[in-house]
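Here is what Swiss-Prot records for this protein:
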- 14-21, 62-66, 120-123, 150-151: GTP binding site (BINDING)
- Cys204: S-geranylgeranyl cysteine (LIPID)
- Cys206: S-geranylgeranyl cysteine (LIPID)
- Cys206: cysteine methyl ester (MOD_RES)
- 36-44: motif 'Effector region' (MOTIF)
Amino acid sequence: MGDLGKGYKLVFLGDQGVGKTSIITCFMYGKFDTSYQATIGIDFLSKTTRYEDRTFRLQLWDTAGQERFKSLVPSYIRDSSVAVIVYDVASKQSFINTSKWIEEVRAERGSYVIIVLVGNKTDLVNKRQVSIEEGENKAREFGALFMETSAKAGFNIKPLFCKITSALQGNEAVSWTKQEDLVDVNLKPLMFSSQANHQQESNCSC
């Protein structure tokens, strides 16, 4: 039996429309979907990737940013390995709101989670409202990793996940500890997307 690698749960958080789904889609399928459709509830996809000769099984949990779905979020944060907090660099308010998302993650997971702050939509050069320095400073303030991306342009998507797997490699404590946790995932109560549980494999060459 081949090396299945350790499993890690990545939960994507942030306001509606910041590009969480687009980042995941670009990583999963290498393309940008021009047809915007808001995530309903929670979406879940799985991808196996390799980093420095190690295999990582990533569960990507895409959460809805709408207020009416906020009550679903804490239960998905609770057993996460990584929280990816996304904002739109062309929306100052979405950046301001990342503080609340980070605080919610800390309330549920304390220090037992890797937080990554991601400024998406860097292709909107003329509409930028949040500088790189502001993003870096906030990440430093909250002890988070930081990266800017553009799912539309495919910019920094692979490097983002390479950074995440690199951080996971240095923090074994955040991986699932039980083998059954890798397969026994009950999605039925809160799963609404028809894309749920797609699985792919890739190599992360950084």
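Just so it is clear, glycine is given a Cβ too, placed from its N, Cα and C backbone atoms.
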- Which has the fewest other CB atoms in a 10 Å radius around its CB: Gly14, Gly17, the listed binding-site residues? Gly17
- Query: Considering the binding-site residues Lys20, Thr63, which residue's Cβ sits among the greatest number of other Cβ atoms within 10 Å?
  - Reply: Lys20
- Item | Mean of pLDDT values spanning the motif 'Effector region' (36-44) | 56
- Task: Could you find out if DSSP has Thr63 (GTP binding site) as helix, strand or coil?
- Result: strand
